[in-house]
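Note sheet for the following structure.
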Amino acid sequence: MAEASRWHRGGASKHKLHYRKEVEITTTLQELLLYFIFLINLCILTFGMVNPHMYYLNKVMSSLFLDTSVPGEERTNFKSIRSITDFWKFMEGPLLEGLYWDSWYNNQQLYNLKNSSRIYYENILLGVPRVRQLKVRNNTCKVYSSFQSLMSECYGKYTSANEDLSNFGLQINTEWRYSTSNTNSPWHWGFLGVYRNGGYIFTLSKSKSETKNKFIDLRLNSWITRGTRVIFIDFSLYNANVNLFCIIRLVAEFPATGGILTSWQFYSVKLLRYVSYYDYFIASCEITFCIFLFVFTTQEVKKIKEFKSAYFKSIWNWLELLLLLLCFVAVSFNTYCNVQIFLLLGQLLKSTEQYSDFYFLACWHIYYNNIIAITIFFAWIKIFKFISFNKTMSQLSSTLSRCIKDIVGFAIMFFIIFFAYAQLGFLVFGSQVDDFSTFQNSIFAQFRIVLGDFNFAGIQQTNPILGPIYFITFIFFVFFVLLNMFLAIINDTYSEVKADYSIGRRPDFELGKMIKQSYKNVLEKFRLKKAQKHEDKKTKGSGDLAEQARREGFDENEIQKAEQMKKWKERLEKKYYSTEIQDDYQPVTQEEFRELFLYAVELEKELHYINLKLNQVMRKVSAL
């Protein structure tokens, strides 16, 4: 009775374990299917935001305003500006010609120009362009006493504390008077500093000739001074053919060292979101995205309540929370952008004689685009949560988890050497080579050296002795030694994991394998009657063999021993050599070991008996 009770308990526990696995399979498949629908919806939503015409519009506008040369000076364009003289030549030449398109190429007037210029005949200039200057005060730096007789003025680099807020020059119009900012646009991050809004501002006219006279007047009255640190040229375009706004900012920074550094921003954005039927389809995808977000949030809240602190021990749960956080941020940014567009777009388009500040809307649209890009990145990474149930992916995750301590120790050693070389490169080559001009540039330059992108000629020319020594030793220690150590750590750990898997130490739950097993179980249900008939035939066949043995004169004990051996053999083969579960790792219990031992003893007896029979036969053969 006790033995039967233990057997029943074991059978019940196995049944519960099998049922639990089936439930886990069903739950995982449902989550995987639901998540794939969410991912497809997210991809449609994100790719619906991007338009190939954005690139072409940016390319056309950058070619017009950056690459167009000053008449008579083919090498002078916005990118190559290095002096104040070059800057005024650009303002009075390529900038004017790019902003004001008065007629068709054959001088035929095809449309009414009273509203605005049409750049390349397709892009409407919204409002009028704006030029803005920021300056610093005199005596924002200190001249050394020995040089005070030669230079009494000193204009430091731009900071909000050094900014000049006083009027200057003619002091009659806004371009000579400091104006505070009345917009919420973010500050501009340039090469040499972070620049605030406001400054000395003037807007251009609708007339090309008036604007040119304005530039000449500013140049003759020295609008640009020694205290000038940056000039912004802002304007916006709209192309109705592709429903895109292009917000353009040209920046000229005047460093304290002299000269000019130019930069630019071209933002092609779709501010009018819902125009075509496809746009409304994207809107439906956005609504679906919000529904998915609500469902996933509810699921995670239930898991946190159920597992409490144990929930936060899984890296996949942290990834889930990060993904949900990014989704909420994306929804918030999208809502804010749409509200601001609704409130500001009508006001910006109302007056065509003033500057239309679309830069604020463009920046928030870019922020939203960046957030949704990061969101979809982590959404794809989350797929590894489901693929990790696969044998290969499980090996990968086990390898990374096992070698993480070795990698951390290696990373400390690697970055000590790496930063030492970065500081050496910055101090030795920083004043001559652009790649090492700052400590940050030195770090990225060394990563490029590892990838094979380097300027050895510049390094060698700067320092013929330390240059080659720096380069050769960096390549030797970082590329040949440290990187190969990193690969060796990964390779050795992977070999250990693969060896463990080969002897059966693997996860009990492999999604692909369980799906295959479930599929076979379904097939078995349809073939159940066929399998029963096969068992009946086997039983009948075994009975026929026993009768045949009795007719041939075998002893009854021998027949019973043979039948017992056959049953043992079939049971053990079914348990340990089944093709359906040959990959499972099943530890041997004490009872199973006892059965195996008895089976081996019986085999030894049978072999001994067969050996005696063979000896008798051999003796009879030799006697003949």
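Glycine residues also receive a Cβ, built from the backbone N, Cα and C atoms like all the rest.
Annotation source TrEMBL lists disulfide bond at Cys141-Cys154. Non-local contacts of Cys141 (disulfide bond) by the CB criterion (under 8 A, 6+ apart in sequence, same chain) comprise Cys154, Tyr155, Gly156, Ala256.
According to TrEMBL, the domain 'Polycystin' annotation covers 77-272.
The annotation domain 'Polycystin cation channel PKD1/PKD2' is assigned in TrEMBL to 273-497.
Residues or ranges marked as transmembrane segment in TrEMBL: 32-51 (among others).
Listed as Cβ neighbours of the transmembrane segment (277-297) (distance under 8 Å, sequence separation of 6 or more from its ends, same chain) are residues 34, 37-38, 41-42, 44-45, 48-49, 320, 324, 327-328, 331, 334. Residues or ranges marked as transmembrane segment by TrEMBL: 277-297 (among others).
Taken from TrEMBL, the feature transmembrane segment covers 318-346 (among others). Packing against the transmembrane segment (318-346) from elsewhere in the chain are residues 271-273, 286, 289-290, 293, 296-297, 300, 312, 360-361, 364-365, 367-368, 371-372, 374-375, 378-379, 381-382, 385: each is 6 or more residues past its ends and has a CB under 8 Å from a CB in it.
Under 8 Å from some Cβ of the transmembrane segment (366-387) lie the Cβ atoms of residues 28, 31-32, 35, 38-39, 42-43, 45-46, 49, 267, 269, 316, 319-320, 322-323, 326-327, 329-330, 333-334, 337, 393, 397, 511, all in the same chain and six or more residues away from its ends. Taken from TrEMBL, the feature transmembrane segment applies to 366-387 (among others).
For 407-429 (among others), the entry in TrEMBL reads transmembrane segment. Among residues of the same chain six or more beyond the transmembrane segment (407-429), those with a C-beta under 8 A of the stretch's C-beta atoms are 435-436, 438-439, 441-443, 445-446, 458-459, 462-463, 466-467, 470, 474, 477-478, 482, 485-486, 489.
Residues or ranges marked as transmembrane segment by TrEMBL: 469-490 (among others). Outside the transmembrane segment (469-490), and at least 6 residues removed from its termini, the chain residues within Cβ reach (under 8 Å) are 399, 403, 406-407, 410, 413-414, 417-418, 421, 424-425, 428, 446, 449-450, 454, 456, 459-460.
When other Cβ atoms within 10 Å of the Cβ of Cys154 (disulfide bond) are tallied across all protein chains shown, the result is 18.
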